[in-house]
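What TrEMBL records for 37-333 is domain 'Calpain catalytic'. Sequence annotations record features per position, and here TrEMBL assigns active site to CYS97, HIS251, ASN275.
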Amino acid sequence: MSAAASALGGVWTRASVKYLDQDFEVLRSRCLRSGQLFCDPAFPAAPESLGFNELGPNSPETAGVQWIRPGELCQNPQFIVDGATRTDVCQGSLGDCWLMAAIASLTLDRDVLARVIYPEQSFTENYAGIFHFQLWQYGQWVDVVVDDRLPTINGELLFVHSEDGNEFWTALLEKAYAKVNSSYESLKGGSAIEGFEDFTGGISERYQLSNAPANLFKIMKQALRRGALLSTAIAVSTKAKETKEQLVKRHAYSITAAEEVQVGGRCVQLLRLRNPWGHKEWSGAWSDESREWSKVSPEVKDQLNYCADDGEFWMSYTDFKVEYSKVEICNLIPETPSNNSFGHWDLWQFEGATERDVT
């Protein structure tokens, strides 16, 4: 194990509750002794795990679904390839863009990610068809076990997938999240802030851009420096599914950076956003290949990690306020490990119960 992985693995020494009393180590050891790959009875590879309505047993959406392990989908399956990054997260046919935005933001802080994902899992050493993740549920960390049978159609993953066809951490994490929510269909139509809270135990803020504070850009920039997770979305005001600049309405985007650059003697505030689809980007000012980039030096481009056609894009804060409707910020708390040096929010938590006739 590398020193970095060892440090990340240390995060998992913190106490967590075993979800449905399933013990990962016990179950894996049992499978290794028997020579049988794990099949999860609590979340079976069956129609009821997909859903109950649009993804129900008789739905055309699920016709032809087969549950297949990664080793049957490709020759060299990997849990994580060259580190987990936001570009690993590509949404499938499930309407859970909010969850994809949350997962993409999760990758921005190595220690926050390692609280959720134990990095030393693999399809080779001690492989038994079983993986586990930790999620924040009802005020405590829970350890969630899943098998690696994933829903596919015609040999392709039905839901979230990585740009790298042999990387499966995103698909397995989505499955663990579906398990605690009873089905994949239960993940349709949520809010990114829900995912943020379940991955960090953090404290949320919401801002409507129609009446946002004058210093919101500064708030967002400082939040990102503290390791907070940010998302945004556009409310539906017309029947059009997209804006004329190709932004998708009712669709969650991750906010992954906030920077200021000097252009022609003036300061321009920029935000970097990611579409969890992995494509369909903003086409206005500061979009990929827009003329604004010709005014920026190669050094500044490198500093901003400028890269075209990757589902991620820059736009000015001025345009952002016009196009988008809200910003959601999840601030980390002491329970959430982070490699960020700017600190977390403080948390005071009081537990107890009310008693009749006592004031």
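Note that the numbers count up from 1, one per residue, in the order the chain is shown.
Including glycine, each Cβ sits where the backbone N, Cα and C put it.
Cα of CYS97 (active site) to Cα of HIS251 (active site): a span of 6 Å.
Rounded to a whole number, the distance between the Cα atoms of ASN275 (active site) and HIS251 (active site) is 8 Å. Counting only residues at least six positions away in the same chain, the Cβ atoms of VAL248, HIS251, TYR253, GLU281, GLY311, GLU312, PHE313 sit under 8 Å from the Cβ of ASN275 (active site).
With the fewest other Cβ atoms inside 10 Å of its Cβ, the least crowded of the active-site residues CYS97, HIS251 in this structure is HIS251.
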